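Down below is the structure, laid out as structure tokens.
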Amino acid sequence: MAAVLAAMYLLCHGLALSLLPGHAAVLSFLFLIGAPLLAAVACLWRGSRGQAASGWFAAALAMVLWAGGMALNMHQQVWLGSAAMAGASMLLYVLYGVPLVFVLAHARGGPRYVDLIDGALALMLGYLFFVHTFSFVTGSRVDAQGVDNLRLMFDLENAFIAVSALVRYVATAEAARRAFFRTLALFSGLYLLVAGYINHFSTDAGFGGRVDVVIDLPFLALAVAAMRVRSRGGDPWPVSPRLARMVDVGGSLILPLALLIVSALIVDGHPRLAVAGFVTAMLGFGVRSILMQVGLLERQEALDALARLDGLTGVANRRQFDQVLRSEWSRARRDGRGMALILADVDHFKGFNDRYGHQAGDRCLQEVALALAACAMRGADLVARYGGEEFAVVVPSPSREGVLEVAERMRATVERMRLPGLAPPAVVTVSLGVGLIDAVDRSEPDALLAAADAALYDAKRQGRNRVAERRVPGEEGRTTAPAGGP
């Protein structure tokens, strides 16, 4: 349906020029303003669907700017009777490319400060490009060389957008963004061909000729493509993840590099603006890179922290426990010190889960973890979820009395704990086994773990809700110390 309406639009444009030749210029201007506005409406509609919205909205803004340039052209030629292009009109034609370059250079999902920096670079690029191109058609007289240079600059801008859109299309895997870049590549390719033909082979024809119908083509193609929503995924061929990452990362160079090139082009005629362009490009890229690197480091630190934590309880996970246990064991061996390990197991946890449900069981484990962590007050002590309802506490360089005091404090704290919202109310208790070694020798930390596990078994066998201890085999004989509880 959209394609049929586009064809009717072209037909009406051609018929208006043929049937009303006396008003051909005015009518042609109206059609040339209407085509990009229709494309803008189609892009806004597509963006409102929430898929690659920023790209579609940028394309809509570009279409509005181009239509504004054509409207100023109409005002200049029809109402003022001047065939010269107004500076404001050329500015809008140049600025039309700014949102397109911005969306091509901008990586998806970036933080707000990246949007602001890229936006500032794109605006500066558009302004300097306007200064450079407008200088070709101003002054006491406009020579052929100036017009040729102007055509070349517009050709370069259009080719840059078309090639960049094609590269983005080829290197984008996400279906929604790939569809947007496919549409942008189609539009910019057609626009490159049409603008090249008009600028190089139809420069003598004023507005109101049949060739004006050709100018509608890229805008109507954009409108039709924007209205076409595929029911299935993207294109059939796969996209190399390495290529996609290279294009995403390399995109950050587009705006600063283009700004440096345009600044170099205007350095003779506008040295101060050129210096401003150089400084803006370098500062923009530098600040952007620094902030992105800081953000990357922060995300890496956050991921590292998450990789060391148990997702349910928030204490260290088994992986972190194993690493810390080996590290502290090696340090104690070098220093000739001892170590202790506490294993804590929630008593009758399966029955608790069966009675109150798994959500209450999860909340119970969270509260037990908080209680154990609150009792491990030394910075070197590590509380970890060992597995299921079992927790482990690494205690470097302890005294026997000190580690037993910590274990008893943990037992008593959990026993006093009350979980709200349970009917009938439940008392949660833990059994704790303490493994001890006075001086770490050449043995492995598994020996300490085995001692703590055996002590935990002793505490359970003796009635639960108590603390028991064992020494690593080879130390003095086992000492069992009931330390509270029934």
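Cβ atoms here come from the backbone N, Cα and C positions, even for glycine.
Model, not experiment: these values are computed from the prediction.
Pulled from TrEMBL, these are the features on record:
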{"type": "COMPBIAS", "residues": "465-478", "note": "compositional bias 'Basic and acidic residues'"}
{"type": "DOMAIN", "residues": "337-472", "note": "domain 'GGDEF'"}
{"type": "REGION", "residues": "465-486", "note": "region 'Disordered'"}
{"type": "TRANSMEM", "residues": "26-45", "note": "transmembrane segment"}
{"type": "TRANSMEM", "residues": "52-72", "note": "transmembrane segment"}
{"type": "TRANSMEM", "residues": "78-104", "note": "transmembrane segment"}
{"type": "TRANSMEM", "residues": "116-138", "note": "transmembrane segment"}
{"type": "TRANSMEM", "residues": "150-171", "note": "transmembrane segment"}
{"type": "TRANSMEM", "residues": "183-201", "note": "transmembrane segment"}
{"type": "TRANSMEM", "residues": "247-267", "note": "transmembrane segment"}
{"type": "TRANSMEM", "residues": "273-291", "note": "transmembrane segment"}
Leading contact stretch, 116-138, 150-171, 183-201, 273-291 vs the transmembrane segment (247-267) - CB distance under 8 Å: 273-291
Segment-level pLDDT (mean, integer) for the domain 'GGDEF' (337-472): 93
Same-chain residues near the transmembrane segment (150-171), Cβ under 8 Å, at least 6 residues beyond its ends: 93-94, 97, 100-101, 104-105, 129, 132-133, 136-137, 178, 181-182, 184-185, 187-189, 191-192, 195-196, 199-200, 239-240, 243-244, 246-248, 251, 254, 258
Cβ-Cβ under 8 Å with the transmembrane segment (273-291): same-chain residues at least 6 beyond its ends: 111, 113-114, 117-118, 120-121, 124, 128, 131, 252-253, 255-257, 259-260, 262-264, 266-267
